[in-house]
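Here the structure is laid out as structure tokens; the discussion comes afterwards.
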Amino acid sequence: MDSTYGSAFVGLIVSATLYGATILQVYLYYRNYPKDARFLKFLVCALCIFDTVQLTLCVTALYWYLITNYNNPSVLNQLTWSMELQTDCNGVIALLVECFFARRVWLMSSNKYLVFVIVTLAAMHFVLGIVFTVDSFQLASNTEFGNLIWVTSAGIGSAAAADVIIAGSLCFYLSKSRTGYKKTDSLISTLIVYSLTTGLITSLIGVVIVVTFATMPNDYVWLAFFWIDGKCYVNSCLAALNSRESLREKASPQDGSFLQLSRVQATTSTSDSPRLAITVHTDTVFKTDYTESSPSSEHPILELKRESFMAH
């Protein structure tokens, strides 16, 4: 019981805790970003709905095993519909989140081939999740989960690969945008940390799922991490959306203007000596998601810093 439903119960507790964080982030999002584009509002709503359904299915499954059939050990090896369907909710969540971050990669790189690879891997994860669900309905008991090792490894592996590519791509293009200015480079470093955190956490959990499923298919250690993985996807997306305001404040001085160097003039004591004036115009350009009121107000992804120098 400890390695089966005990592990699943621990995973459910952690998953429910992360679900609480999801609800808080959803509330903060709709309160702080009422002018966001409709597709972003729809994305947040869809993630919240699928996350709620997934947690409900998990609770229903464990309640049936541990409460409804208490003192009836013969049902512990049986499969219930709620246990089998919850995997598809995580598949939809991962697909939505990875497409969201794939769009960010597109905004920064305009590399359609890179985005195609990411979306293809995300779609593979979703499709193989459906295959896993269909095959699990045909299993006689949960002791036969080992027969699905190929679809599990391929599906979770595809998602992990997509996460790594997303994190690596964002970090690469952000690093290319370094300018030498402390304030701007500090913002870029923060964005790089965010990108690494959101991508590597889900990819590492995916690796753990594959390893535990391959080595302990009849235990539910892998299932506990699988439940947690879905919640990490949702929270990573919501955290990216909710962090925009703090990053925007960090990108701009307190007066709300962008970084600009004032004119510097070199003079000598001789009035008719030639003067050299160097003006540095600095524009910081951000690429953002679209809102209803402005064409640019998503997560401030730094794209380029242009400088023009004039000497006269």
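Keep in mind that glycine also has a Cβ here, set from the backbone N, Cα and C atoms.
What TrEMBL records for 6-30 (among others) is transmembrane segment. Counting residues 6+ beyond its ends, the transmembrane segment (6-30) has Cβ neighbours under 8 Å at 36, 41, 44, 47-48, 51-52, 55, 58-59, 62, 66, 219-221, 223-228, 230-232, 234-235, 238-239, 241-242 in the same chain.
Taken from TrEMBL, the feature transmembrane segment applies to 42-65 (among others).
Among the features that TrEMBL reports, transmembrane segment is placed at 85-101 (among others).
TrEMBL lists 113-134 (among others) with the feature transmembrane segment.
If you look up TrEMBL, you'll see 154-175 (among others) marked as transmembrane segment.
The feature domain 'DUF6534' is assigned by TrEMBL to 159-246.
According to TrEMBL, the transmembrane segment annotation covers 187-214 (among others). Beyond the ends of the transmembrane segment (187-214), by six or more residues, the same chain brings 94, 101, 145, 149, 152-153, 156-157, 159-161, 163-164, 166-168, 170-171, 174-175, 177-178, 221-222, 225-226, 228-229, 232-233, 236, 239-240, 243, 247, 250-251, 300-302 to within a C-beta distance below 8 angstroms of the stretch.
The transmembrane segment (85-101) shares the most Cβ pairs under 8 Å with 113-134, out of the stretches 42-65, 113-134, 154-175. When Cβ-Cβ distances below 8 Å are used as the criterion, the transmembrane segment (113-134) is approached by residues 84-85, 87-88, 90-92, 94-95, 98-99, 101-103, 105-106, 148, 151-152, 154-156, 158-159, 161-162, 165-166, 169 of the same chain, each at least six residues removed from its ends. Residues 91, 94, 98, 101-102, 104-105, 108-109, 111, 114, 117-118, 121-122, 124-125, 128-129, 131-132, 188, 191-192, 195-196, 198-200, 202-203, 206-207, 209-210, 213, 301-302 of the same chain lie 6+ residues outside the transmembrane segment (154-175) yet bring a C-beta within less than 8 angstroms of a C-beta in it. Taking the domain 'DUF6534' (159-246) as a whole, pLDDT averages 87 in the prediction.
Sorting each residue of the domain 'DUF6534' (159-246) by its DSSP state yields 76 helix, 0 strand, 12 coil.
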